[in-house]
Structure formats: C-alpha cells, structure tokens
Amino acid sequence: WLVIDRKVYDVSKFSKQHPGGSRVISHYAGQDATDAFVAFHNDKSLVRKYLKSLLIGELAPDQPSFESNKKKSLLEDFRELRCTIEKMGLLRPNYIFFFLIFLHLLVLDAASWLTVWYFGISLVPFLVGMAFFTIAQIQMGWFQHDLGHCSVFRKPKWNRILQLVVINVLKGLPASWWNHLHNQHHAKPNCFRKDPDLNMHPLLFSLGKTLSVEVSMGMAGEAKILKLESYRVRVSGLQLARYNVFSFFSLEKRRRSSCLTIISISISSVTVYILLYNQEEKVVGKH
C-alpha cells in the first residue's frame with residue numbers, strides 16, 4: 001500500500017506490471033509517494049485512470065501524509081517551488097538545443113573513427129581520435145540521460161526510441177538496464193539498499209553519520225561477495241566483465257531492444273580490429 005494525495009492505493013499486483021519496474025513502486029510501500037508520483041509521470045490525468053481500480057481508501061483526517069522523519073515545511077516549500085518552475089515554463093524542452101547536441105556528438109564520433117582510418121595509428125592521430133571518441137561518449141551519456149527522463153519529447157515513445165539509438169547502438173549499453181537502475185536512484189536518492197548508486201559505490205558516496213553507519217553495517221555481511229566480484233573483474237578484464245553483466249541482464253529481462261547492445265558491441269569491436277589491422281598492413285607494406 002502507498003499514499004498519493006492522501007488517497008491509499010493497493011499496488012501489490014500492479015507493481016509487477018508497472019512500466020517503471022516493480023522496485024521503484026515497491027520502494028514506497030507504506031509511505032507517501034505523492035512527490036515521486038508527480039515527478040515521474042508527465043501525463044498525470046492518464047495515469048490516474050489506472051489508479052481508480054487500485055484505490056482502497058483515504059487517510060484519516062488526523063493522519064499526516066508524510067513520514068515522521070520529514071519536515072512538513074520543507075515538503076511544502078519544495079512543492080511550491082516546483083509549481084513556480086512549471087508556470088515559468090522552465091521544464092519545456094528546447095528542440096533546437098537537443099538537435100544540436102545530437103548532431104555534434106554524431107560528428108565527434110564519426111571524426112574519431114575517420115581520424116584513425118585516414119591518418120593511421122601513430123601517436124598524434126591516436127590521441128586526437130581518442131579525444132574525439134571520449135568527448136562523444138560522454139555527451140551521449142548525458143543526452144540519453146535526458147531521453148531516459150522523457151525530457152526531450154512530449155511523448156514518452158519518442159524519447160524511448162531515440163534513447164535506444166543513443167545508448168544501445170552508439171554506446172553499446174542496454175537502455176533497459178540504465179532505466180532500471182536510474183529510476184530507483186531518483187525514486188529514493190541516497191537511501192541505502194534502495195538507491196542502486198549507493199549499492200554500487202557505497203564507500204565513495206556515503207556521507208553523514210546515519211548513512212555511514214548503515215553502509216558500514218551492510219558492508220560487513222557483503223565483504224565476501226565484493227571480494228569475489230573484484231577478483232572476477234581482475235581475471236576477466238573490465239570490458240569483458242561489463243559485456244557479460246549487460247548481456248546477462250538483457251537476456252534475463254527478455255528485452256528485445258537490449259539485444260541491440262550485444263550486436264553493437266560485437267560490431268564495434270570487430271570494426272576496431274579491422275581498422276587497426278588494415279593500418280598495420282599499410283605500414284608493413286610501405287617498409
């Protein structure tokens with residue numbers, strides 16, 4: 001059960017069909033999910049139609065609609081700030097800006113390959129190509145981040161399609177994997193056991209007295225698992241380990257779109273070897 005605008009909903013069965021994943025919605029079990037609901041759903045009128053069948057009651061007048069560890073004044077200020085931002089139109093996307101972002105990352109990515117292909121694999125062309133490629137990959141990461149938040153187009157469908165192109169095909173990472181983790185991060189930011197960013201790097205991002213104690217206690221029982229994973233990464237290599245993890249996630253979740261990831265990684269790896277092999281043949285032929 002969770003609360004949205006003081007109304008109580010039973011999402012026990014619906015959580016398995018939730019488009020954002022069952023974990024995101026289950027993280028708010030027994031809690032008020034009003035602010036998360038507003039933040040995650042653009043078309044709230046459409047979503048509320050599905051909520052009608054899940055409604056089981058309302059909070060009693062004497063019951064607060066927020067947890068005891070939260071300040072009511074802070075929540076009210078945040079909601080007022082959000083309303084002001086929406087009225088000012090600051091959440092409306094600039095299509096020209098995102099088009100130029102997409103165009104320039106394609107140009108940088110193509111320039112990285114063409115530099116190595118045309119000028120060879122000597123030090124200077126290699127460093128220039130690596131710089132182009134690195135900048136392009138970073139920009140792709142942030143661009144697909146906005147697409148994953150459905151912040152570029154009004155219709156979520158178009159955001160998802162372009163995100164598949166950017167992160168699956170161009171970066172070689174599954175969009176379903178990224179959305180699965182990132183949605184949880186924004187649903188429960190900096191909450192240990194619920195925010196995947198903390199679970200992956202707990203020692204780097206644990207600040208404050210409460211969170212640090214929770215992390216240290218949780219890490220004690222997971223020390224053996226972390227040692228095993230670090231050993232596996234050292235033996236297999238970082239790229240191979242990343243490939244295995246993403247491929248396993250794609251196949252386990254049965255996401256057809258994520259299969260593009262496996263194909264993209266394979267094609268890009270083969271292409272790199274072919275380009276470098278041809279350049280080496282040219283150098284050997286000249287000598």
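Glycine is no exception: its Cβ is also placed from the backbone N, Cα and C atoms.
The domain 'Cytochrome b5 heme-binding' annotation in TrEMBL covers 1-60. TrEMBL lists 95-111, 117-136, 259-277 with the feature transmembrane segment.
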Do any residues of this chain, six or more beyond the ends of the transmembrane segment (95-111), have a C-beta under 8 angstroms from a C-beta of it, and if so which? 129, 132-133, 135-137, 139-140, 143, 146, 152, 162, 166, 170
Could you pull the average pLDDT for the domain 'Cytochrome b5 heme-binding' (1-60)? 86
